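Q: Below are the features I grabbed from TrEMBL:
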- 4-82: domain 'NADH:ubiquinone oxidoreductase chain 4 N-terminal' (DOMAIN)
- 112-393: domain 'NADH:quinone oxidoreductase/Mrp antiporter transmembrane' (DOMAIN)
- 7-36: transmembrane segment (TRANSMEM)
- 56-74: transmembrane segment (TRANSMEM)
- 94-110: transmembrane segment (TRANSMEM)
- 148-170: transmembrane segment (TRANSMEM)
- 190-213: transmembrane segment (TRANSMEM)
- 225-245: transmembrane segment (TRANSMEM)
- 251-275: transmembrane segment (TRANSMEM)
- 282-302: transmembrane segment (TRANSMEM)
- 314-334: transmembrane segment (TRANSMEM)
- 346-366: transmembrane segment (TRANSMEM)
- 386-410: transmembrane segment (TRANSMEM)
- 430-452: transmembrane segment (TRANSMEM)
Amino acid sequence: MGWVFPIIVMYFITLFEFSWGSWCVITAMCSLIMLLMDSGYNYYYLSSEWFGMDQLSQLLVVLCFLVLATSLGASCKELKFNNGLFDRNSVEMVQLIVLITLGSVVFFSVSSWMDFYFFFEFSLVPTFWLILKWGYQPERLQAGLYMLMYTVSASLPLLCCLVMFWFMVGSDNMLLSKSLGVEFISSNSSVVWLFVFLPFLVKLPIFFFHGWLPKAHVEAPLSGSMLLAGVLLKFGAYGVLRFLWMTQVSMMEVILFVMMFSVWGGLISSCVCLTQNDLKSMIAYSSIGHMSICLGGILSMYPLGKMGAVSLLFAHGLCSPALFSMAAMVYEVVGTRNVVLSKGVLRLFPIFSVCWFLSCIVNMSIPPSLNFFSEVYCVVSMVWVNWVFAVPCGLMVFLTGCYSLSLYNWVNHGMVSEYINPIWGVSPRYIYSVLFLILFLLISSVGLDFFFV
């Protein structure tokens, strides 16, 4: 995976005019990413009493830095300058973005369950403030409150279960808990299983627990939407993977119920995508469908399903921010995110239309993208569990293609909207951000062995 280094360097070279300090920061970030991608932990490495890392956490840490780089690059217009320096408002925004990323990196690296829970909740604070201060509409307060109420209320049962688990084991260290082999979630404790996994299902989210996600995406600024879709939604899947890794839960009826609940919910969300007229809301509901397939792959308990789920996490973490970047460009040129009022982009901005096309076909999992292999592995593993999953999964894949092509058609074809202002042109920062992410997804399928965690 060492090829990632020159790709990232080329991306930054085309995006910024550098000072020596910028070169130092970018070189350090690229070196860190290359080091993480090449280290290849095939076991859980306990680096200290508080931090541990394996290939799963290593992969998600790399994802955090990739999303951070592209979100800062795509959000340049929101960062105002005064005499060549950031003004105070922009400095605060950058600090929040970096704080969210660093909190996510620590979350993926801690080896203690209580630290895990703390940083699971900690990410809400800067995200809430980012939505509240830089949101687009007056409804941003309601969106932030929805996000807090859904996630915090669902996390309280998890805290009680973690305290109980601490008393049983005598420690909150993940590796020690796994080594002792304590049966925390037995086959008869379906209620405890649901309590433990409820906050992760809300964080993914799956349908019926998703009420906060479209509101948060619609009201968040571009950087907030990219971080929320690219990094924060991965907290739920990472939590499920970590608990299954530690407790060694076997297949039981409640897991089959959650799988069916998730897959049919993803099918409903795919149908809802076809009825949306707001670009960001459509992309948010698309994320629900992709995360439901990811959860099904994890809960299938097959190694192939786990590999597909992890690679889908990484693929969605890059594809969804690219779509949000495109939606932000439409809003900048047209002044609205309504698909009815933003037609005819192809006639005025052909290069922008190419970026839309690449983003949409990757979102619909066309080969040889990483999304294609990820969804194939997840669907196959679910069908191995029970052939009944073939029906909703097949319909979901079909509907994903329908709304992805419809999204491209609505925005790019048709008569030119009178709301489009061609004087603005297309900002290069969106083009570079999207092309970098899409190129990464198209060529990362050659390294599928890296996702076999």
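One is the number of the first residue shown, and numbering goes on along the chain from there.
For all residues, glycine too, the Cβ spot is worked out from N, Cα and C.
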Q: Can you tell me the mean pLDDT for the domain 'NADH:ubiquinone oxidoreductase chain 4 N-terminal' (4-82)?
A: 63
Q: Out of 94-110, 251-275, 386-410, what stretch is closest in contact terms to the transmembrane segment (225-245), meaning most Cβ pairs under 8 angstroms?
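A: Answer, by Cβ pair count: 94-110.
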Q: List, by number or range, the same-chain residues at least 6 past the transmembrane segment (251-275) whose CB is under 8 A from its CB atoms?
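A: That would be 187, 190, 193-194, 197, 201, 206-208, 210, 282, 285-286, 288-293, 295-296, 299-301, 382, 385-386, 388-389, 392-393, 395-396, 399-400, 402-403, 406.
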Q: Are there residues at least six beyond either end of the transmembrane segment (148-170) with Cβ under 8 Å to its Cβ atoms? List them, or say none.
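A: Residues 113-114, 117, 120-121, 124, 128, 176-177, 180, 182, 184, 192, 195-196, 198-199, 201-203, 205, 209, 211-212 contact the transmembrane segment (148-170) from elsewhere in the chain.
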Q: Quickly jot the same-chain residues contacting the transmembrane segment (314-334) by Cβ under 8 Å, restricted to those at least six beyond its ends, or write none.
A: 59-60, 63, 66-67, 70-71, 74, 77, 217, 222, 225-226, 229-231, 233-234, 279-280, 283, 286-287, 290-291, 294, 341-342, 345, 349, 352, 355-356, 359-360, 362-363, 369-371, 374, 411, 417, 419-422, 424, 426-427, 430, 433-434, 437-438, 440-441, 444, 451
